[in-house]
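First up is the structure itself, then whatever we jot down about it.
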Amino acid sequence: MKLVDEAEIEVFAGNGGNGCIGFRREKFIPLGGPDGGDGGAGGSVYIRADENLNTLVDFRHDRIFKAQRGENGMGRQAYGKGGEDLTITVPVGTVIINVATDEIIGDLTQHGDRLLVAQGGRGGLGNMHFKSSTNRSPRQALPGEPGEERTLKLELKLLADVGLLGFPNAGKSTLIRAVSAATPKVADYPFTTLYPNLGVVKVENYRSFVIADIPGLIEGAADGAGLGAQFLRHLQRTRLLLHLVDISPMEGGVEGISPVEQVRAIERELEKHDPELLQKPRWLVLNKADLMFEDEAKAAAEQIVAELGWKEPWFLVSALGREGTFPIMSRIMAFFDRQKEDELEARNAL
C-alpha cells in the first residue's frame, strides 16, 4: 500500500447572495413598502476524516475546491437559498496547515472528525431592512459578503502501531513483505522505497497490528538530506519502533558505515527532528544474518549490542529467509497486550 502523504489545496467558501431591492405591488396597493429579501449564506468548506481512505493521491490532480454561493434575495421578503456546504474527505491521521500562517488548524485522528476550513459569506440585507420614518421607499440593499479563501497543506501522519526505521538497504521492505501481505518494491540499491508502505501483520487468534515501512534515513535526514526527512513525522504516532541494521560484512554495512555507527547516526537524526522519538520503545533488529556463518553472525550481533550498550530487546534475523521474523511479531503483540493492561490499570487507579 503506497502512500502519497502530502498535498496542497485551495479552498473557496461560497459568497453570500445579494440582498434584493423590491417593493410590494398588488392590486389596490400601488405604493406598497419595501419587501426585498436577504441573500442566502454561502456554503462553507469542511474537511472530514474517513477511515476508508489511506492516501492523499486524489489531491495530486484535484487541488481547487469551491463551495456553492448563496442565492440572491427576492421580492415579497423571500430569502435567497443558502449555498450547499462542501465536504472534502481525507484519511484519518491528516494534519491541516494554513499555508499563509504556517499554523496547524486541525489534526483529524478519528473517523468522522470534521473541521471547518473556510466559512461561507453572509447574505446581504434586502431593502426591507432600511425602511425608516424619513425613507419610506429605500432603494438600498447590501451585497453578500465574500466567502473565506485559504491555501491549505495536508500532511498525512500514519496511524501505524509499529514503525520500521533504518538506513537505505537495511532490509525494511523485505521484512514487511515477510511478515505481512504488503508488497513493497525490493531491490539491491538504496532508496528503493520512495513512499511509506503499510502492512497488516496477523498474529494468532485473528489479532493484528499495522506496521509502516518508512523510506530509509541517512545522515542529515532531519536537515533535508536523502528521502527520509519528509517521512520522519510518520514515526510520531507509532507505539513501537523497530530499528533495522544490516550487519553483513559482504554488504560492507551501508556505504562503509559500521552497524554501530548506523544506529548512532539515526539516533542523531531522531534527536534533531523530534527528541520525543528517542523516548519511544525501540527494539534493535540485526538483519541479513543469512550472509554470514551462524556463529559469526551471533558473535557480530553480541559485539554490536555490547558496543551500543543496548538495553532494549534485540533480535538477529534474516528477513529474506524469514528466519527469526515471526517470533518478533509475536513478541510485539504481547508487548501491545501489556501496554493495554497497563493503560487499563492506570485508568482504574484514577
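Any Cβ shown, glycine's included, is placed from N, Cα and C.
On a predicted model such as this, the values are computed, not experimentally measured, just so you know.
Sequence annotations record features per position, and here Swiss-Prot assigns domain 'Obg' to 1-159.
Annotated region 'Disordered' per Swiss-Prot: 127-147, in sequence order.
Sequence annotations record features per position, and here Swiss-Prot assigns domain 'OBG-type G' to 160-337.
The secondary structure of G166 (GTP binding site), as reduced to three states from DSSP, is coil rather than helix or strand. The feature GTP binding site is assigned by Swiss-Prot to 166-173, 191-195, 213-216, 287-290, 318-320.
According to Swiss-Prot, the feature Mg(2+) binding site maps to S173, T193, an assignment based on sequence analysis. Under DSSP, S173 (Mg(2+) binding site) is assigned to a helix (H, G or I) in the three-state scheme. Counting every protein chain shown, the Cβ of S173 (Mg(2+) binding site) has 24 other Cβ atoms within 10 Å.
The helix, strand and coil residue counts that DSSP assigns across the region 'Disordered' (127-147) are 4 helix, 0 strand, 17 coil. In the three-state DSSP scheme, K288 (GTP binding site) falls into the coil class. Packing around K288 (GTP binding site) is summarised by its Cβ count: 25 other Cβ atoms lie within 10 angstroms of its Cβ, all protein chains included.
Calculated from their C-alpha atoms, the gap between S173 (Mg(2+) binding site) and G166 (GTP binding site) amounts to 11 Å.
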